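S.K.: Here's a structure for you.
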Amino acid sequence: MVMNPDAVRNVVGIIGNLISFGLFLSPLPTFVTIVKKKDVEEFVPDPYLATFLNCALWVFYGLPFIHPNSILVVTINGTGLLIEIAYLAIYFAYAPKPKRCRMLGVLTVELVFLAAVAAGVLLGAHTYDKRSLIVGTLCVFFGTLMYAAPLTIMKQVIATKSVEYMPFTLSLVSFINGICWTIYAFIRFDILITIPNGMGTLLGAAQLILYFCYYDGSTAKNKGALELPKDGDSSAV
């Protein structure tokens, strides 16, 4: 019995939504640690800022006046948006002033950008096709940035030879999420979905490789004093 490709694609899409929800929740242990220690230590907010922007764009994309009949897009990304806001609020609460200022600066730029996109699309594009194309292209671009954001942490892992600040759960779920949505995109080939998720698969695999390469070194360091780079060395601008 040959299954309908559309039916298979829908099933993969539902699985993808569930995995995406898991991806949003995967950093939770990191923030539990931050709350317990009342210190963000060397954790960086870059992945959460990137995910915040990505989710906000996809929510906008899924609205009825941009791309009708996209309720699943709105619900999963709306949920993700709320979760990222919670993560950023926790980070802000326990970060030192320089890190707070940096985070607020990036967040302000993102909000201004979102407002500009909304105004430009609603006032300048008057058909669903044009609005969907413009916002969809932005979603692809910033979705790629979301997956690339952990490069900051990967750089830190290599510099410190420690995986302490690269959560394994986040890396694993990112990898699985990328695979799922890449398969979804290939069933009925969609380049807009393939590009960011294909990159997500590759970067997720790279993070897992780094994790297993440096896990023993991280364990050894944790037995003594863990020497971490200064803020200027551990984060990308």
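Every residue, even glycine, has its Cβ placed from backbone N, Cα and C.
Straight out of Swiss-Prot:
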type	residues	note
DOMAIN	11-98	domain 'MtN3/slv 1'
DOMAIN	134-216	domain 'MtN3/slv 2'
TOPO_DOM	1-10	topological domain 'Extracellular'
TOPO_DOM	32-46	topological domain 'Cytoplasmic'
TOPO_DOM	92-102	topological domain 'Cytoplasmic'
TOPO_DOM	124-132	topological domain 'Extracellular'
TOPO_DOM	154-166	topological domain 'Cytoplasmic'
TOPO_DOM	212-237	topological domain 'Cytoplasmic'
TRANSMEM	11-31	transmembrane segment
TRANSMEM	47-67	transmembrane segment
TRANSMEM	71-91	transmembrane segment
TRANSMEM	103-123	transmembrane segment
TRANSMEM	133-153	transmembrane segment
TRANSMEM	167-187	transmembrane segment
TRANSMEM	191-211	transmembrane segment
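Neighbours and distances for these, please.
M.R.: For the topological domain 'Extracellular' (1-10), the list of distant contacts is 184, 187-188: same-chain residues at least six beyond its ends, Cβ to Cβ under 8 Å.
The residues of the topological domain 'Cytoplasmic' (32-46), classed with DSSP into helix (H, G, I), strand (E, B) and coil, number 7 helix, 0 strand, 8 coil.
Listed as Cβ neighbours of the topological domain 'Cytoplasmic' (92-102) (distance under 8 Å, sequence separation of 6 or more from its ends, same chain) are residues 34-35, 37-40, 45, 231.
Away from its own ends, the topological domain 'Extracellular' (124-132) comes close to residues 61, 65-68 of its chain (Cβ-Cβ under 8 Å, at least six residues beyond either end).
Averaged over the topological domain 'Cytoplasmic' (212-237), the predicted model reaches a pLDDT of 48.
Here the transmembrane segment (11-31) has long-range neighbours at 43, 47-48, 51, 72, 76, 79-80, 83-84, 87, 90-91, 167, 169-170, 172-174, 176-177, 180-181, 183-184, 187, meaning same-chain residues at least 6 beyond its ends whose C-beta is under 8 angstroms from one of its own.
Using a Cβ-Cβ cut-off under 8 Å and counting only residues 6 or more beyond its ends in the same chain, the transmembrane segment (71-91) has close neighbours at 13, 17, 20-21, 24-25, 27, 31, 34-35, 40, 43, 45, 48-49, 51-52, 54-56, 58-59, 61-63, 99, 103, 107.
Sequence-distant contacts of the transmembrane segment (167-187), counting only residues of its own chain at least 6 positions beyond either end whose CB sits under 8 Å from a CB of the stretch, comprise 5, 8-9, 12-13, 15-16, 19-20, 22-23, 26-27, 29-30, 47, 147, 150, 193-194, 197-205, 207-208, 211.
Remote same-chain partners of the transmembrane segment (191-211), defined as residues 6 or more beyond its termini with a Cβ less than 8 Å from a stretch Cβ, comprise 136-137, 139-140, 143-144, 146-148, 150-151, 153-154, 157-158, 163, 166, 168, 171-172, 174-179, 181-182, 184-185.
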